Amino acid sequence: MKRKTIALLGNPNVGKTSLFNRLTKLNQKVGNYPGVTVDKRIGTLKANAKEYRIIDLPGTYTLFPNSLDEEVVFNILSNQANDDFPDLTVVVTEPSSINRGVVLYQQIRELGLPAIFVINMVDEIEQKGLHIDYTALENYLQTKVFKTNARSGDGIDQLIQNFDIELKPYFGAVDLPQKYRNALEDAKQLFPLATEYLTWQYLAQDNISSLPLEKRSALQTIRESHRLDTQELQKDESISRHDTIASDLMSIVAKKENKRLSTTGKIDNLLIHPVLGYIIFFGLLFIIFQAIYSWAGPLMDSIDTLFAFLADSTAAALPEGPLSALVVNGVIAGIGGIVIFLPQIAILFLFISIMEETGYMSRVVFLMDRWLKPFGLNGKSVIPLMSGAACAIPAVMSARNIENPKERLLTILVTPFMTCSARLPIYIVIIGLVIPDDTFWGFNLQGITLFGMYILGILGALLSALVLNKIIKSIRKSFLIFELPTYKAPDWKNVLNTVWEKSSGFLIGAGKIILAISIILWVLGNFGPNDRFSNPQPYIAEANPEFSQDEIDNEITAYKTEYSYLGYLGRGIEPMIRPLGYDWKVGIGLLASFAAREVFVGTMAVVYSLGEEVDIEDEGQRQTLFERMKGEVNRNTGKPTYNFATGISLLLFYAFAMQCMATIGVVKRETGSWKWTLIQTGFMTGLAYLVALVAYQLLK
Amino acid sequence: MQNNITLDKLKKGERAIIHSFRSNELPAKFYELGFTPGTTIQLKHIAPLQGPICVNIIQQDSLIAIRKKEANLILITKI
Ligand SMILES: Nc1nc2c(ncn2[C@@H]2O[C@H](COP(=O)(O)OP(=O)(O)OP(=O)(O)O)[C@@H](O)[C@H]2O)c(=O)[nH]1
Ligand SMILES: [Mg+2]
């Protein structure tokens, strides 16, 4: 038997995802700002002795799409052939905006889909000063109405029990203005099988990606011959529905003073105050930054100790040799190099998720719109940019609810400049190597440098937006409209869930790549194509006739590394990176980083330990990666590999270069265009090369 | 008719009823979120230096933020 599909539809921020999580026991990210869910999500529910497919949809105010996330909704609900076309639609609302929920509900029923009506957040009815006559509402909507509280789970069982409900046919249709009658009759000829309202939807939308091209152009012809403007059609429907629903609901929903709104007003007087609002916002950013660096310290120390212990005991357990070097110096050191940053990443996600849950994020959009507009961005770009400080992948996706295609594209293109958590390990290692641990006016120099790197990321994003803004042509006018939700205390379960999911996702994702890259590097470094690798002594003797036997033996390891596959590869790209101040070993690190930046530290650990035997008995012989990197000498320049000039050059390269396959993949998917993806990768990497080059040449 | 001003001229705390629109350029999303003729609104907050404004749509108890530029297209009657 086919599983029944149930779709959750509703305005943004009414609790659809929270309900979905309750139903499926899956934990999807929720947040108290409109537009958290940007794609459909599917889960299953076993109940009533069968299995249901539950679909969580992005929030929308009507079926007419204004942005990409809303298009997902229309495409699913308008097309019976779609795999996700629901057998039952659950229209979710919250008490104070029932009117807007009814708009969606009517549209769905007029499309011919069965639907039930859910009033979520019933815990807030009292505070919002509402009284609802449920029987009258059920009669008016011609369906069942359910009350739920997605935070506590109240009412969910009742809802599930009714998933097989048989509904009577729905009567009623919106009053479409007479002047569109003829056009609608023409359009009906094109879609003989569709309901009248679906045909109207087709007529009133510009570009329906789910329709075949010839239907689209036929619709366009009808619009032209009747001189119809789609926005006008949508507007007329909106106003007509709005007026009828408002007067119909007058007797069903009674309103007194909304206490939540007045509390929210008081908080807003502070948080979006023209002056205080900004002080509070930047103060908050400062606190976040502080927290990341001070709270995380002790945790990081214990993780460091733990991994040192792990490395020691593994080295003791494994027989000495190259394999032990792979496990200890490659895999354990590489993964340790990521795990140690987990506390910082978790704290960052903690703050972002609290900002989302409480409703503060929308206020940030309100405060920042004016300042982002000159760069060709939109207030809503704040969310991708801020979450870009954690990871660019979800950040790029969160740009979906930006309505204007150009502003959305710009946001996607510049978000990867923000300093993501994967850059942190590299910055900290390199800053530790080349910036003295001194204080300057009471501030720690290394700390200032790190702060500077974050500022650099923001500048990189804004300035490239400015440049790209001049190049990209806009097809539509820019506008901004969004809802500021009432403040809520965060649901800590949600917050912790988000933090847990994001952090473990980061760790697992990075861990897999590090493991794979360590193994590849190890293989490449321990095998060579020719005699110079397998039998190096004669070559060394020939090149250095004055060498004694002992000196030749000392040279062997280095010589073999140089003539391994890895050595050939590194030396192959060396001419390109020599002007930036790097040698071929750093080159290997750079090359591997194009898969994902976070592998840099692990890669260097493998590269620098090649050919070395791990001998844990001898304390003196064992070096940490850090000391090893400090001792490295660039044989081209004779100077330390990591000196001030190369260090700065490396920092700048990592700040700007697009080194993350996963981000490239997401950008391709989100923009649907290889052109922009390649332009972005080229632009970022080119800029990185240029800036690193200039910096090195000036500083060396 | 002299009572009609555009929404961007409304001061913090003042109430008004939406009267009509100065052009059809206003995107349909504005109507969907409740900016329809006859609706009572109250201006709640104004961001500095020509930033967005925040309007309470009384009937729906919702707070909506829009830019001054679009507010300029909405004609209102002060009450
Ligand atoms: N008080 C209360 N809060 C709720 C309830 N259900 C959800 N919330 C909160 O409402 C906010 C929005 O919840 P989401 O589940 O993200 O809403 P959504 O409808 O999926 O939002 P979009 O994906 O943006 O369309 C979150 O802060 C939830 O914790 C409820 O029944 N009562
Ligand atoms: Mg959601």
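Every residue gets a Cβ built from N, Cα and C, even glycine.
Source: prediction; values computed, not measured.
Database features (TrEMBL):
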type	residues	note
DOMAIN	A:3-169	domain 'FeoB-type G'
TRANSMEM	A:270-293	transmembrane segment
TRANSMEM	A:330-355	transmembrane segment
TRANSMEM	A:409-435	transmembrane segment
TRANSMEM	A:447-468	transmembrane segment
TRANSMEM	A:506-525	transmembrane segment
TRANSMEM	A:644-666	transmembrane segment
TRANSMEM	A:678-699	transmembrane segment
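Each of A:409-435, A:447-468, A:644-666 was scored by its Cβ pairs under 8 Å to the transmembrane segment (A:270-293), and the highest score goes to A:447-468.
The stretch in closest packing with the transmembrane segment (A:330-355), judged by the count of Cβ pairs under 8 Å and taken from A:409-435, A:506-525, A:644-666, A:678-699, is A:506-525. Here the listed stretches are A:447-468, A:506-525, A:678-699, and the one with the most C-beta pairs under 8 angstroms to the transmembrane segment (A:644-666) is A:678-699.
Beyond the transmembrane segment (A:409-435), the same-chain residues lying 6 or more positions past its ends with a Cβ under 8 Å from any Cβ of the stretch are 337-338, 340-341, 344-345, 348, 376-378, 380-381, 384-386, 388-392, 395-396, 399, 402, 445-446, 449-450, 453-454, 456-458, 460-462, 464-465, 468-469, 472, 506, 510, 596-598, 600-601, 626, 629-630, 642-644, 646-648, 650-651, 654-656, 658, 660, 663, 667, 670-671, 676, 679-680, 683-684.
In the predicted model, residues of the domain 'FeoB-type G' (A:3-169) average a pLDDT of 87.
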